[in-house]
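Colleague: Would you mind keeping the following structure in view while I ask a few things?
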Amino acid sequence: MKHIVALLIKYTAISAVLLMILGIFQGISMPRILFISLLITGVAYLIGDLFILPKYGNMVATIADFGLSFVGIWALTYLLTNINLNRNIGASAFFAALLIGVAEIFFHIYMKKVVLHADEGSRESTTIGHDKYAMEISDEYVDYSRIKREIPSRKVEDGTDKLK
């Protein structure tokens, strides 16, 4: 349920930015903008929020979401609309991705506190800390192969068995 709410928040933010930038400045229809928003939301949530954010943090995830949004908006606007090439789709995609990046900063804080926080608690009970089962080696290490080589040579020299 937490992931559905997070997806709805992300979809709403991306749709609002794209309706503002692409709808007003490029004249793209609302159904196409909502479809582009849906595709970008799905890909950015899987890659940026579920994979990059827990491992690398807010800054790296925000930069990744900016890049993904920029390339995604530019490519999907070019592929799914019939805008003539003399319009500057790149500038619109850049400013939309910039606004989405600003919104992603706050969204990532929400994700860490609400959505990913509950997932971390369930993972902690199943993981094993590496330091609990680490092998300790010190100067007291005894090389048994060297001892076994020296013991037979002592028996031969003295003629007695010193081990008894």
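Using N, Cα and C of the backbone, Cβ positions are placed for all residues, glycine too.
TrEMBL labels come from automatic prediction, so no person has curated them.
Sharing the record's features from TrEMBL:
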{"type": "TRANSMEM", "residues": "7-28", "note": "transmembrane segment"}
{"type": "TRANSMEM", "residues": "34-53", "note": "transmembrane segment"}
{"type": "TRANSMEM", "residues": "60-80", "note": "transmembrane segment"}
{"type": "TRANSMEM", "residues": "92-111", "note": "transmembrane segment"}
Colleague: Cβ under 8 Å to the transmembrane segment (60-80), counting only same-chain residues 6 or more beyond its ends: which ones?
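Modeller: Sequence-distant neighbours of the transmembrane segment (60-80): 14, 18, 22, 26, 28, 32, 35-36, 39-40, 43-44, 47-49, 52-53, 89-90, 92-94, 96-98, 100-101, 104-105, 108.
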Colleague: For the transmembrane segment (7-28), what are the same-chain contacts with Cβ under 8 Å, counting residues 6+ beyond its ends?
Modeller: 34, 36-38, 40-41, 44-45, 49, 69, 73, 77, 81, 83, 87, 89, 92, 95-96, 99-100, 103, 107, 110
